[in-house]
Amino acid sequence: MKSEKSADAYGTYFLLISTIFLLFIARQASSYQMLICLDLNISCADCQKQCDETSYGGMCLNGGRTCCCKKSPPPSYYDPRPPSS
């Protein structure tokens, strides 16, 4: 009896940790996919300029008919080596 309760406790603990981990990964993945798209007929250069003023850059889709602005920052990468003195 004691071993069954122990196994159930470990199973519940594993399920809880797995759920938290998966929710964290899903949130991280979705945070880099936030785009606001406007159906504008402007050049790609104008799209980039307009998006740079209000967000973290833009991209043209459908040959410039759709302008999408990125609303979340790109990932940051840091060099693990300290700067040389």
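Keep in mind that glycine also has a Cβ here, set from the backbone N, Cα and C atoms.
According to Swiss-Prot:
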SIGNAL    1-31  signal peptide
DISULFID  C37-C69  disulfide bond
DISULFID  C44-C60  disulfide bond
DISULFID  C47-C67  disulfide bond
DISULFID  C51-C68  disulfide bond
Nearest-integer angstrom distance between the alpha carbons (Cα) of C69 (disulfide bond) and C51 (disulfide bond): 5
Local Cβ density at C67 (disulfide bond) - other Cβ atoms counted within 10 Å: 24
Closest of C37, C51, C67, C68 to C44 (disulfide bond), Cα positions, disulfide-bonded residues only: C67
Fewest other C-beta atoms within 10 angstroms, as judged across C44, C47, C51, which are the disulfide-bonded residues: C44
Residue among disulfide-bonded residues C37, C60, C68, C69 with least C-beta crowding, 10 angstrom cut-off: C37
Residue pair C47 (disulfide bond), C60 (disulfide bond) - Cα distance, angstrom, rounded: 7
C60 (disulfide bond) versus C68 (disulfide bond) - Cα distance in angstrom: 6
Distance [Cα-Cα, Å, rounded] between C60 (disulfide bond) and C67 (disulfide bond): 5
Rounded Cα-Cα span from C37 (disulfide bond) to C67 (disulfide bond), Å: 6
DSSP three-state assignment for C51 (disulfide bond): helix
